[in-house]
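Just below is one structure, and these are the notes that go with it.
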Amino acid sequence: MDGEGGSSGLAKSAAVKLSEMGERTKQLGTAMRDPHQQRRIILVIVCVALLLDNMLYMVIVPIIPDYLADLELEQSEHVHVVMHSNTSANSTSQDKSNKDNLDIQIGILFASKAILQLLVNPLSGTFIDRVGYDIPLLIGLTVMFISTCIFAFGENYATLFMARSLQGLGSAFADTSGIAMIADKYTEEGERSRALGIALAFISFGSLVAPPFGGVLYEFVGKRVPFIVLACICLADGLMLLTVIKPFSNRTRENMPVGTPIYRLMIDPYIAVVAGALTVCNIPLAFLEPTIANWMETTMHSSQWEMGLTWLPAFFPHVLGVYITVKLAAQHPNLQWFYGAVGMVIIGASSCTVPACKTFGQLIAPLCGICFGIALVDTALLPTLAFLVDVRHVSVYGSVYAIADISYSVAYAMGPIVAGQIVHSLGFVQLNLGMGLVNVLYAPALLLLRNVCQMKPSYSERDNLLDEAPQGLYDTIKMEERRAKKKGYSSAGNCLSVDENGFDPFRGQRSLSEESSGPECT
């Protein structure tokens with residue numbers, strides 16, 4: 001009897017637990033169907049993907065130079081055993097040549113990710129516009145997972161180079177589709193700026209925390225562990241994407257408009273100005289990362305831990321810059337260009353003061369200034385790209401954020417290769433003065449964006465195709481407002497809008513209307 005009572009109690013307990021699990025699953029399913037809850041989950045998925053990508057980009061900084069140096073040393077020892085009769089002078093010359101060759105190999109390895117990302121982005125942006133944001137994000141996470149596993153188990157330069165290049169391929173899909181998905185799901189300008197600001201904070205956290213994370217794990221548990229940890233997080237993020245968004249089960253792209261071709265976006269003067277600003281503001285960070293450690297070692301005799309933690313304090317002013325810009329943009333959205341210009345001036349001034357620093361404590365201040373300025377520029381201008389697409393083109397964001405990714409990739413592709421050559425030829429001081437001057441001189445170009453907020457939306461085929469609830473910024477125009485606009489609205493010169501494709505959405509209404517709202521603009 002006791003046995004039967006015990007088994008009955010266990011059965012009841014199991015039934016209660018199963019019921020609770022079923023209720024929680026039901027609540028989770030309801031939350032996933034709620035658009036507001038779903039977009040929060042999507043924001044988490046995208047932020048984790050961006051965090052992973054930037055951690056993978058920076059985690060190799062303390063690992064790869066030392067690992068490749070050990071490989072080079074093993075090869076050199078083998079050569080010395082074979083050629084034991086060499087003189088000491090020849091040995092010294094050979095060691096210097098090997099060091100120069102190692103520096104070149106490291107520079108090419110670091111830059112290969114950004115170079116491939118730069119080449120793939122025009123294709124990935126078009127692909128994202130055609131198939132949506134979820135499948136490209138899944139492709140990017142899959143490729144990043146494979147590249148991370150290769151990094152973990154690769155034991156020669158060729159394998160590591162292939163893994164680094166594969167990461168660039170994955171980033172071209174994951175970064176672009178993730179940012180575009182945020183722009184599409186968060187429709188109001190204030191919400192969009194806040195969501196993109198959170199994404200930028202994760203990007204900054206990944207970039208600045210990865211070097212100490214990789215260095216500590218590499219020192220105590222070896223090369224493989226940091227990459228295995230990141231691969232597991234990448235796998236979990238991909239599984240969450242499959243569970244929440246279900247990329248292959250909900251295909252609605254057939255009813256969505258075709259995005260503006262990327263080449264047309266590139267020649268849009270407003271988008272070109274924003275893309276140029278994103279490139280210029282990231283040049284100091286991209287050029288200092290591969291050069292500042294050697295400069296610190298030679299000028300201020302910094303220890304290894306100081307060089308490893310150089311950029312970590314800059315995370316806090318970067319997050320502060322994101323927060324301040326989001327708050328200011330909510331109150332004065334028409335001044336986004338001004339926040340970006342101020343950020344570029346701060347970057348320029350901070351870059352010029354880096355060579356004057358004599359201690360590690362002094363160096364923290366200008367590096368924090370650089371990251372604070374980058375936060376202002378990125379947080380102000382990334383939402384501006386989406387708004388420009390909304391008002392001047394079609395509200396599909398894959399290609400425009402591929403252009404943004406190209407802008408970043410240009411800076412980070414040049415940095416590891418060009419920065420060292422500039423330091424060797426002209427000096428570290430001249431490098432920083434040049435980067436600072438370029439940022440200050442580019443800031444006035446953002447004046448071109450001062451009237452962007454006064455632009456009217458473009459009326460494209462999305463007006464005719466959209467029958468469902470609002471999805472992106474353009475869709476958030478309420479149906480009543482859209483009907484009112486379709487009846488005609490007054491603007492400068494009493495003109496009606498004709499979109500960039502020559503499509504006049506009001507022609508049908510004017511043919512039925514007895515009143516004319518004004519001559520058609522040409």
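Even glycines carry a Cβ here, placed using N, Cα and C.
Here is what TrEMBL says about this protein:
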DOMAIN    42-522  domain 'Major facilitator superfamily (MFS) profile'
TRANSMEM  41-64  transmembrane segment
TRANSMEM  135-154  transmembrane segment
TRANSMEM  195-213  transmembrane segment
TRANSMEM  225-245  transmembrane segment
TRANSMEM  265-288  transmembrane segment
TRANSMEM  308-326  transmembrane segment
TRANSMEM  338-357  transmembrane segment
TRANSMEM  363-388  transmembrane segment
TRANSMEM  400-423  transmembrane segment
TRANSMEM  429-449  transmembrane segment
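Using the rule of three or more Cβ pairs under 8 Å, pairs at least 6 apart in sequence, the transmembrane segment (363-388) is not in contact with the transmembrane segment (135-154). If one looks beyond the transmembrane segment (338-357) by at least 6 residues along the same chain, the residues whose Cβ comes under 8 Å of a Cβ in the stretch are 277, 280-281, 284, 288, 292, 300, 321, 325, 328-329, 363, 365-370, 372-377, 379-381, 428-429, 432-433, 435-440, 442-444, 446-447, 449-450. When Cβ distances are compared across the two stretches, the transmembrane segment (135-154) makes contact with the transmembrane segment (225-245), since 3 or more pairs at least 6 residues apart fall below 8 angstroms. When the stretches 41-64, 195-213, 308-326, 400-423 are ranked by Cβ pairs under 8 Å to the transmembrane segment (225-245), first place goes to 41-64.
Mean per-residue pLDDT, taken over the domain 'Major facilitator superfamily (MFS) profile' (42-522), amounts to 79.
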